């Protein structure tokens, strides 16, 4: 039982695994703030009509947040690594905790922009005021004329009200803006606490030392850069060879000619090799030596994903 608990806690290190992630999340948040400001200026226009205000106000907060969330899921490499893992190997190598926390990593990264949008919308207050103005109880307003009801209250966000209701409009707007900003600050506080607790658990439960984890992050970054750069050159040279075989010649610039001469490409990698280096990676050690990626494991000739007598696997996912 203790081993199972320790195994599951190690998966809590899914989030914020490097400073690059923090920088990326910050840039996403800043971009979302700018988008929300532009949306509020250009697109937001409360209908000021009973029954429509509520739908429009909630849609202005929720629909863009949903779109940003889905974009974040699509852009996350973990999403497609998980798809490849399930397609090629199934989920037999992952416990329920591993699967849950991997989804948590994807959702947490994707929610940065969505939460930022929701927070900024709540702090601004326009959408919240539009959505809930018609639900303010007239009895809560001192000396509110009895002949006016929800239909007039729904027009408060548009300032299209009789002169004798101006002070009530200001009071309703102020009250709803207070509620909206309160929810916005509470959301910020909740997210901040969750991030803090996650960071603490991540450092406490990590099976790696701080320096080794920093090295692993550097290795992953360098491997990804070199792999992408080499794949681009390899594919260009292979394409040049195939085009030349078809036409009898190929039009290359000086740089491409140098690449073709310097790096001879004899063929392509077979599909089993691509499958071996694609998918979700769990930090693994073999005979006491770390394997930092699927490519590293393939290069060392280590087969399989589960623990073996010669090696053991530490349940610690790469971000």
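Note: Cβ is positioned from N, Cα and C throughout, glycine not excepted.
Just so you know, TrEMBL annotations never went through curation; they're auto-generated.
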Need the matching range: TrEMBL marks transmembrane segment on one of 21-42, 131-152, and I'd like to know which. 21-42
Which stretch, out of 162-181, 182-201, is listed as transmembrane segment by TrEMBL? 182-201
Residues sitting near the transmembrane segment (54-75): Cβ under 8 Å, six or more positions beyond its termini, same chain? 28, 32, 35-36, 39, 44, 46-47, 106-107, 109-115, 117-118, 121-122, 127-132, 134-135
